[in-house]
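So the structure is just underneath, and the comments pick up after that.
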Amino acid sequence: MAAVWSGCSTSRGSFSQELPRRSAKGGQGTRVRPATGGRSRGDARPVSGGAVTARGARVCRAAPCVLESDVTGKEESDLGVRGVEDERPGAAGFDYHQRHGLRRRPARPAAVEKDPVGARSVPSASASEPADKFEREGSRLHFLEERDEELLSRRLMKLSQFNKVRSAIELFDSMLASGLQPNSHACNSLLASFVRRGSSMDAMKMYEFMKGKGLATGHTYTLILKAVARTEGYMSALQMFSEIEECAESRETLDVIVYNTMISACGRAKDWRQVEKLWGRLAENSLSGTLMTYDLLVSTFVQCGQSELVIAAYEEMLRDGLDPSEDIMKAIIASCTKEGRWEFALATFRRMLSAGMKPNIIVFNSVINSLGKAGEDELAFRMYHLLTSSELEPDQYTWSALLSALYRSGRCWDALELFQGIKSKHPSVLNSHLYNIALMSCERLGQWEHALQLLWMMEKSGLQISAVSYNHVIRACEVACEPKVALKVYRRMTHERCSPDTFTHLSVIRACIWGSLWDEVEDILEEVAPDSSIYNTVIHGLCLRDKIRLARRVYTKMRSIGLTPDGKTRSFMLQHITSAE
C-alpha cells in the first residue's frame, strides 16, 4: 500500500503546488517520524526475494532516498543512506537535513490502496507511520532522490557484497518502481548473495529477470548453474546448460568459466562421460581451457580410473602452452604407471625437477614401479639412488618396486639377494607381498628348498599365508621335479584351512603325474569340484605318460558329469582309440 501526499504531482515532473518555506531553524516544518518514537531502527520483518512493485503507486522524484540498515539499525553512510531524523549521522560527515528538509504539505485525507491480501487503511502524513515509503509483501519501497543508475547500481553492488541482502532487495525494488534499471554487475552481485544464502527461489527469480532484460552474462550463468547443481543435482544443471547452449544469444556470452562450473559439477558426481562431452564441446565452441579446466579434467579422470583420458588432457594442456601444477604431474605419473608408459612418466618426472619441484616418496615409488614393470631395472635403481640422495627413506612400496624390477628383468638371484638385504636391514617393512616376489623368484629358479624356508619364515613371523604363496612353493617343487614335496605342501595347505584354487590343483596334479603318483592323482580328482580344465590337464598328462586306460576312465567320468573336453583332449582320445584298433 502507499501513502500519496496531498498537493504532490505523481508525474515525472516536480511538485505541482508550491510548498510553504520552512524557517531557518525548521520550526515551521513538519517532521515525519517513524512509529517507534522518533528513532530509526532496523526492520526485522522478512523480505521477499523478488522485485516488488506496487500497483497504483508512483514514486515522488523530489523526495530523498531513505534506507534503514537491515542488521545494526544504524545508517549506512558509506552507501549514501540517510535516516529521517534531525540527529547528525555518525559516519556521514555532513548534516543531510540541513540540505534537504521535509516541508509541510496541505492537509488532505490519505489515499487508500487495497492490498492484494486484505484491504487496510493508510494513516495520514501526520501519523506515526512514515509517509515516504510503502510496503508490499514485506519489502519496502523508498522514494529515491538519486536518479543516476550507475551510482545506484554501485550502491546495490556494495550492499550485496557485504551481505546486506534486505537493504539490497529494497534498493533493487525501489529502482524498478522508479523506472530505473540496475546494470548487469549489480544484478550479478545480488544474484551471488542469493546463492550464498541458499535462496534458490530468489536466485531463480533474479536469473529470469536478468535473462528477460538481456542482462545475463557468463557470470550470471555460472552462478545460477552452481545453485541449480547444489539444490537440484547436476543433471538438472546439465539440462539448463543445454538450453542455454541452444539459444544463439546466450551461447555468445558463454565463457570457459561456465564450462568449468559444469565440469566441476559432473566431476563431483563421478560422471566422467559427461565431463568428456563437456570437454569436447569446449573445443567445438572455439574456447581454450584454462589451468583450472585441466585441473578439473585430470582430477575427475584420475578418480574415475580413466588413465588414457588423464594423459590426453595433459598432452593437450602442454600443446596450449600451459604449465601444469605439481598435483597434475603427480597424477600423470600415476596414470603412466597404470598404462605402462614409463617413458612419459620419466619425462614428466624430469619436468618436475626442472620446475624446481621436490618429488615426494609417492612420486619416486610410482616412477620406480613404472620402470620395474617395463623391465628397466637399471633406470629403476638410478631412481632409487636419487631417492636416497634426496633425504627420503625408502618404504615397503619402494622395495616392492625394486624387487619386481629385478624379477621382470630375469635377475631372480639378485632379487633373492636384495630380499635377504631387506630382511637383515629393514625387517619392519617385510610383508606378504615382498615374500611373494621372493617366492616367485624361487619358483622360476626351481629353488624349492629356499621356497620352503621362506614359507616357514612367513609362518613364524605371523603373516597370513594366502593360496598365492602356497602356489608359488608348489610350483617351485614342480619345476624341481619334487612331486612328493609338492604333495606335502598341498596337504599342509589344506590342514591350515587355506582353500586351494584351480592353479593349486593343476600344479600339484602335474607334479604327481610326472612323479608317477597315480593313486594320488585319482584322490585329488575325487576331492576337487568338477572342473573342465583340471580333467583336461589330467587326460593330457596321462596320455603323454602312456597311461591310456586310466586316461579313458577319466575321460568317461568327465563326460558322465557333463564336462566338455577341449580339442586337445578329443585329439588324444581319437588318436589312442585308432591305435588300439
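Backbone N, Cα and C define each Cβ position, glycine as well.
Annotation source TrEMBL lists region 'Disordered' at 1-51 (among others).
The compositional bias 'Polar residues' annotation in TrEMBL covers 7-17.
The annotation compositional bias 'Basic and acidic residues' is assigned in TrEMBL to 72-89.
The feature region 'Disordered' is assigned by TrEMBL to 72-133 (among others).
Taken from TrEMBL, the feature repeat 'PPR' covers 183-217 (among others). Within the chain, the repeat 'PPR' (183-217) has long-range Cβ neighbours (under 8 A, six or more residues past its boundaries) at 49-51, 149-150, 152-154, 156-157, 160-161, 163, 165, 168-169, 172, 223-224, 226-228, 231, 250, 253.
For the repeat 'PPR' (255-289), the number of residues in each DSSP class (helix H, G, I; strand E, B; coil) is 26 helix, 0 strand, 9 coil. Taken from TrEMBL, the feature repeat 'PPR' covers 255-289 (among others).
Among the features that TrEMBL reports, repeat 'PPR' is placed at 290-324 (among others). Tertiary proximity for the repeat 'PPR' (290-324) is limited to same-chain residues at least six positions away from its ends with a CB under 8 Å from its CB atoms, namely 256, 259-260, 263-264, 266-267, 270, 272, 275-276, 279, 282, 331-332, 334-336, 338-339, 341, 344, 348, 351, 355.
Within the same chain, residues 291, 294-295, 298-299, 302, 307-308, 310-311, 314, 317, 366-367, 369-371, 373-374, 376, 379, 390 sit at least 6 positions outside the repeat 'PPR' (325-359) and bring their C-beta atoms closer than 8 Å to a C-beta of that stretch. The feature repeat 'PPR' is assigned by TrEMBL to 325-359 (among others).
In the repeat 'PPR' (360-394), the DSSP tally of helix, strand and coil residues is 26 helix, 0 strand, 9 coil. The repeat 'PPR' annotation in TrEMBL covers 360-394 (among others).
A Cβ distance under 8 Å defines the sequence-distant neighbours of the repeat 'PPR' (395-429), meaning residues of its chain 6+ beyond its ends; these are 361, 364-365, 368-369, 371-377, 380-381, 384, 387, 437-438, 440-442, 444-445, 447, 450. If you look up TrEMBL, you'll see 395-429 (among others) marked as repeat 'PPR'.
DSSP states for the repeat 'PPR' (431-465), grouped as helix (H, G, I), strand (E, B) and coil, give 28 helix, 0 strand, 7 coil. Annotation source TrEMBL lists repeat 'PPR' at 431-465 (among others).
Residues annotated as repeat 'PPR' in TrEMBL: 466-500 (among others). Beyond its flanks by at least six residues, the repeat 'PPR' (466-500) meets 432, 435-436, 439-440, 442-448, 451-452, 455, 458, 507-508, 510-512, 514-515, 517, 520 of its own chain at Cβ-Cβ distances under 8 Å.
A mean pLDDT of 90 is what the model gives for the repeat 'PPR' (531-565). The repeat 'PPR' annotation in TrEMBL covers 531-565 (among others).
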Exercise for the section: Please spell out the DSSP helix, strand and coil residue counts for the repeat 'PPR' (290-324). Expected result: 26 helix, 0 strand, 9 coil
Problem - Per-state residue totals over the repeat 'PPR' (466-500) - DSSP helix, strand, coil - result: 26 helix, 0 strand, 9 coil
Practice task
Could you tell me how many residues in the repeat 'PPR' (395-429) are helical, how many are strand and how many are coil under DSSP?
Solution key: 30 helix, 0 strand, 5 coil
Completion exercise
Other same-chain positions with a Cβ less than 8 Å from the repeat 'PPR' (255-289) and lying at least 6 residues past its termini are 218-219, 221-222, 225-226, 229, 233-234, 237-238, 241, 245, 296-297, 299-301, 303-304, 306, 309, 313, 316-317, 320, 322
Fill in the blank from the handout: Within the same chain, the residues 6 or more beyond the ends of the repeat 'PPR' (431-465) and with Cβ under 8 Å of it are 396, 399-400, 403-404, 406-407, 412-413, 415-416, 419, 422, 472-473, 475-477, 479-480, 482, 485, 489, 496, 498
Practice task
On the DSSP side of things, how many residues of the repeat 'PPR' (531-565) fall into helix, strand and coil, could you say?
Solution key: 26 helix, 0 strand, 9 coil
Completion exercise
DSSP composition of the repeat 'PPR' (325-359), residue counts helix/strand/coil, works out to 27 helix, 0 strand, 8 coil
Handout entry: DSSP-derived helix, strand and coil totals, residue by residue, for the repeat 'PPR' (183-217)
Key = 28 helix, 0 strand, 7 coil
